Amino acid sequence: MSNRSGKNGGSSNGGLSKGNGPKKGASLLGKKPRPKKADGKVYVRDDAPRRNQPRAAEKVLPQFNKRLGEFTIDRLSHDGRGVADLDGKTMFIAGALVNEKVTARLVEEHARFIDARVDQIIIPSPERVTPPCQHYADCGGCQLQHMPPAQQLLMKQDSLLQQLKRWGGVEPKRVLAPITLSDTGYRSRARLGVWYEEDGSVSLGFRQHYSNQITQVDECLVLTPALNQLLAPLRSWLTTLRTAKAVTHIELVKGQSDDSLGSNAIIVRHIKKLAEADLNSLSQLAEQQQVHVWLEPNGNTGLTDIQGNSCDPRLHYEVAGLRLAYHPQDFTQVNPPVNQQMVAEALALLALQPDDRALDLFCGIGNFTLPMARQCAEVVGIEAVESMVLRGRENAESLGIGNATFIAANLADMTHTQLQRLGGNINALLLDPPRDGAKDIIASIQRWVRGKQLSPKRIVYVSCNPATLARDSALLADVGYQLDAVGVLDMFPHTSHVESMALFLLK
């Protein structure tokens, strides 16, 4: 789940709705509006420099932010925006709740719908709450803080069930209890942007709503306390850089390590060579804060230490009683407590027996594979990213798990013949695909079942996109799989992201 190969790791802007093609009729504006900057104006660049680099002359477009009128909200969209109607077009209003009367401002007009945002709340919903984060009005990292956490969870569950029925034509026999824990301090990694102002000031934080500009974040509601403590020292360091505008992003990672530096890490992405003074002050920061620091030079896919030497570091996390090693650039879940419960739920749904043989597709470093291996005869994990497969093998060896095999392969190209070479039948299958789902591999599953080759009796599908889960559910139903159970995983509280887990049984 989350953002491996397009999966969402959490801090992002944007909704789920997309246009479906051109439609005749008058436009509100006559031309497509452009995103705004922090001053509320819209800018068009005469060139296209890279983000955070010096810009050429800009001109203002006045259409963005246009007042659209007064609206009563009928319902919520799948991503939690209020839905209303304007001149026959569906309008999605960010920040609005059901039964509220609001005024709205334009964000962007599409062929068949309109994106807008709340301007003023005339009649508020009794469900509305004061957002707990001081940065919520500007920061694009969270979208639902005006909604109580319990209501957010209900909205996500309704969204999941509606999309399964509408797009997949399926309904579960039972709905699982949501997996939900703390709605604050849960995020163990985050990628922060850096923004340089003309006056020399620096912002470190997340992108603003409808903009590439960065909101300065002094404290993030969803980051772990340990990572929050790094924000002020890092911003202070950025303001002293001798190499102007060298750093574009900083990634914070909370893990567990094997040395005295502690469990937290900082990855500094830079597009210019840092001055010796910058590196020295960064080294001092690392020592003071007891964190690891690695550099990610522009154009380099790997990491270096502060001295510029290539390195291959490891952090660790725990799941199902196992301690897994990972490289800081590997995909890992950002909410460790929910990940623990998610893996436990998957194991319960798979109901593996000692003589079972299981397959884990999109296996990563073995987050599910290795816990599964302790409950059955053999597990084969397949992953496209070779470096993560190597990490999975390292973990299996260090843990003394000899019945887990990790294979690097493009899942879209996996054939039945290749799987047959692994030997034996597959009793259970786990899928954990990126946002675009598992359409190609499910096409292979359809061939296996129709050809009476491999026929896993139980499939657990971990999803970060209800729309692709719905599509894939319909494909599985075509070859006799019934959606037995589905439930929400509250991996990203206060955001519109809907994570879920589904169990399919072969009739």
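The backbone N, Cα and C atoms fix where each Cβ goes, glycine too.
Binding of S-adenosyl-L-methionine is attributed by TrEMBL to Gln333, Phe362, Asn367, Asn410, Asp432, and within the candidate set Glu318, Glu383, Glu394, Glu397 the record adds Glu383 to that site.
Among the record's S-adenosyl-L-methionine binders, Gln333, Phe362, Asn367, Glu383, Asn410, Asp432, no two C-alpha atoms are more than 22 Å apart, and one pair sits at exactly that spread. Other residues of the same chain near the [4Fe-4S] cluster site, with their Cβ within 8 Å of the Cβ centroid of Cys133, Cys139, Cys142, Cys220, are His135, Tyr136, Gly141, Gln145, Phe206, Val217, Leu221, Val222, His494. For Asn410 (S-adenosyl-L-methionine binding site) paired with Cys142 ([4Fe-4S] cluster binding site), the C-alpha to C-alpha distance reads 33 Å.
Each residue contributes its Cα atom, and for Phe362 (S-adenosyl-L-methionine binding site) and Cys220 ([4Fe-4S] cluster binding site) those atoms are 31 Å apart. When the recorded positions Cys133, Cys139, Cys142, Cys220, Cys464 are screened for a Cα within 10 A of the Cα of Asp432 (S-adenosyl-L-methionine binding site), the ones that qualify are Cys464. Among the recorded positions listed here, namely Gln333, Asn367, Glu383, Cys464, Gln333 has its C-alpha nearest to that of Cys220 ([4Fe-4S] cluster binding site). Within its own chain, Cys139 ([4Fe-4S] cluster binding site) has Cys133, Gly205, Phe206, Arg207, Gln208, His209, Thr215, Val217 as residues 6 or more apart in sequence whose C-beta sits under 8 angstroms from its own.
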